[in-house]
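Right, one structure below, let's go through it.
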């Protein structure tokens, strides 16, 4: 029967439309195997449009497309048995196609249909099975749910943890799982909140630590979870998938490591304190003897005791430097402007007696292009050069020691220098060249007594050179000598940035200067100091130093006695040890600050003395009301700086103290204003924090005494702010407003000391608003605090990066 194909298609537009919607390739032939219909998939395969192909034999169509005619065998079958229903496998253009072939009787005649098998029915089934196998065998928890947070499925890890079957799991909500699995209160809400966030925003959440999740048999799991939106082919979100990695073992290991680290730090801190305290006494008493003895020989003996104590203290500091975990931090780089030539002269002066004793030549070659002033870590550079020169002199029996400094790169504001320390000493054998940089390694063991040393100098050199941006290099020949070299970058400084160096002043000149300034003060008001120290030797040293200045002093040996004295007498300055019996120096300071505030008394400066690592004490010291933390031993030069800063202040500073006292008086509960104590008059003003700077450098320096200490505190704030954010968010999620209030109060204390003014007020307003009994704007104040914390963190981070 002959068919008019054009009319056939016009009469059956729905048939062609449906054919084109199929993902499969569809070919319909008439009973003579001529083309009736090709869908769009077939058009692409045969490179021919439907209009071009209609009426052609299928064999011709295949020939034109360079495709083997896979139905040629069927085309030779007699007409009366040309109906069939079977599957045909073909390879076309290196791609496997499986065709479902069948015949259909219609009023218009017999038609043969050839349709590729839907991949979802064959290959996709295999792909789905592979995916299910993959998910099932993943070592983490995998689960997914619909957009209403009803569970759709999970892998076996989830079922094992919950003690459920897949049938029991499917269709459950978080609330139902919480009841069935006896989860702690709030856990289901937290997990659901994270899923809803993904559903609402369409953004994935990666690597969030979930709250502890109880499993069967009382086991508690810790998971790091990522959540991603599930989408259909139209990109519509239809659910959420979660992948949770079990970090329980890692968490436990981290906690154990932290415990071990704290134990190590405590050991180091205690060792530091226990050794420094008696050593401070030795150095201080020797200094007093040297100052007061008249006999020249005895005076020289006292000087030698003092020098030996200083060397022992230097060794202790070196050992603690390389043991202490904090010492390998980038934060330990303290830049200052200095004259490198002067530093070299000072180092040469220190080493000259040994050079003369060993009759060694000493050569110094400094590039004429070297800028007069550099900005960098002067202390670490001096330590590097002292160690290298000290080793060079120690291991050189004859010949010379040489130091060369050469400019190798220079720009407008930067310069790179090459340092070389050369000797004609015993040299270093090849097998020892790597080992000598290990801590406590000695090429010549101490028991042989050939060369003195502790095996820490070159280890510190390598660490410090690397920390300052360089790399140490060594060339050496046994019995001929060694050369150590390294390159370091510096900024170019200017004379205005050079700090005045008072450390070189003699004991007598410092004392004379202090006495002169005290003489200019009112005769009836010689400064009165409170000295608090539980170690008798250290106390006597301290008393001797203060006596030499001409100041009055009263002593106490514990915190309780000190507090009684401080609240019943007038003092101009308090020097207190941190580790006191009864109550510590920190607690003593807290109690005194509360007493001063409640009795509207002038704030007395408190200087804390510690044998522990200074950085460990400063953060807690700031929060305790301590003005400055000083590491033992307190030297007369530094005492002069303390006096300059806290006793010989200008009347402007006294006026500032009075202003502080007035502002404290205004916080008296008997004089509430507006919304309450320390709050503005209206709720609108609570959210006008732009009037306060994010950071006030002058205020920070005023409180911290200098920019260096301020930067150390800002570095601590950089660590603390994320903790504050996390703790406040957790308290807020638990709807624990009492805890939110306490945390805001705690954060305010640190903010007020480092000049982060806007953070201080954001904390103060939230804390005081709730303390006053208000609740209407609590949520907005909470959100405001989070924003200010984020802004403050970014500002501090950028400032510290810029100052490097």
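The backbone N, Cα and C atoms fix where each Cβ goes, and this holds for glycine too.
What TrEMBL lists as domain 'PAC' is 206-259. Under the heading domain 'Histidine kinase', TrEMBL lists 270-492. TrEMBL lists 528-647 with the feature domain 'Response regulatory'. Here TrEMBL flags 577 as 4-aspartylphosphate. Annotation source TrEMBL lists domain 'HPt' at 706-803. Annotation source TrEMBL lists phosphohistidine at 745.
Comparing the residue listed as '4-aspartylphosphate' with the residue listed as 'phosphohistidine', their Cα atoms are 27 Å apart once rounded. Note on the domain 'HPt' (706-803): DSSP counts are 85 helix, 0 strand, 13 coil. Sorting the domain 'Response regulatory' (528-647) by DSSP state (H, G, I as helix; E, B as strand; all else coil) yields 57 helix, 24 strand, 39 coil. The DSSP breakdown of the domain 'PAC' (206-259), given as helix, strand and coil counts, is 15 helix, 27 strand, 12 coil.
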